[in-house]
């Protein structure tokens, strides 16, 4: 594809509007055809975007709002159409429930433990992949393969690797003289294990996102930095990182949304919705699932969903504020 | 607002010097070199050749990425007794096919694979179709409230579908769709990322004159979509189709609520395995392998395109 093909953008679009007032064609079938033409040009864009909005309204927006409505009711899983108004009671119950706070805390700690190392490693790896490399396609594809592995498959494998008695990780630790760790039953160890599954699945994906952004950094920036005597590390710190700021913010938002909803990994790590014998790695998503589909309280599950939604809004606002601040200072 | 492909290309061309060390002599002259400008964006790099340490680290991480998958295959080819010994096995045994057969039959993996192929295929098709239509409209057509509507599309990306499970569950209970595949297909038929992805592609790839020419010839919008937009959009449609297929194949939360082990998708069947449906670890691993194999195959064949798609979709900052 040559650049000439990608050139004609906004300017041409303005100039190239069909000019309906030609003036020299006044015969009536022509005019009717033209009117149909104009009607078509006017309304077809809406027809093209309509499917997206219709489906989103039906399966995204409406359920979200209805979840809010259901959270004000007592709804049983066995008879979900029967709703009994209880006001804010689901929410007040939630705030009194130790397991809610436990799940909130676990979601936070697992979120931090999985997101921070993941993004830092991705940044470093992207930097390395940005060098001139032999087999760069191989490296990229290989690092993206965990992304193709489902949560379920990955967690089943990692559960075995983290096995207490025969797991490979404990075997490896045994080689350096560390006794078998009961990964699943400890609080920190289980959360670390769950985090490692998230890290494994998403590091490669984020690496490619950072790599794409790094390739878009103008080279003159590096050149002038080099002229100023900056070494590779200083270039990375003072050219790459600042140029990547929007991308980094974007990945932080996406990873945070993902971390808030973490569900499959903790569910399958121990195979139960309680997230371990003493709920030591139960996340909010898992807590929602337990309340709704094991305690049969769909109203309470809705209240948890809305709480999660509010948390996400707060996170979004914080990110937005940070982004605005950064934009202002730079 | 976004670095377009065209921009990236010019940057690539501009950067085709031999690195900062020669920048003093090279200056900006290589920009004018037309041969360099045809190089693909992937080779932009920072023009420094990777050293041994770089290769070492990358190989280490590559090994880390691939090892759990390889070990899945190793464990799937052993038997339960061997997996309960130390040291754990590091090479393949001879039970792969018998374990896979057991998983296929006892864990319903056969039906799960068939179901998931249908579900993920339908979702990929509809997502690509609707995303191309909407992406084309946002990229090339003029209509009222266009920017506002585009912002709304992007905004919907922030609404996590997971939080909608309760009403969706009520709806399928009412419709008696529990355990039926349309229950997991319909809620995923469109996605905002797809719309945005197609828009970004078509803004650059589809010449506006082409549309205008077709319109002057009297072609109506659907004809234009069919004869002009689709042919141009085809490469991006293929990439979006693959990405969507992967995501739909791996969709987890909603399917385990909407479906049961009687009519599972792969993820539902694997969840059954993980919850002690079958105690044999090597069979569990065989199931995990079976459920991942189709995607790994796709990655082997189309890895380059999928990587390109992820990176293309990423430059949205």
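Just so it is clear, glycine is given a Cβ too, placed from its N, Cα and C backbone atoms.
In TrEMBL, the feature transmembrane segment is placed on A:43-66, out of the ranges A:19-42, A:43-66.
Taking TrEMBL as the reference, the stretch among A:1-34, A:69-102 described by the feature region 'Disordered' is residues A:1-34. Transmembrane segment is the annotation TrEMBL gives to one range among A:283-302, A:303-322, and that range is A:303-322. Panel annotation: around the transmembrane segment (A:141-163), residues 125, 169-170, 183-184, 193, 196-197, 200-205, 207-208, 264-265, 267-269, 271 of the same chain, lying at least six beyond its termini, place a Cβ under 8 Å from a Cβ of the stretch.
Listed as Cβ neighbours of the transmembrane segment (A:43-66) (distance under 8 Å, sequence separation of 6 or more from its ends, same chain) are residues 309.
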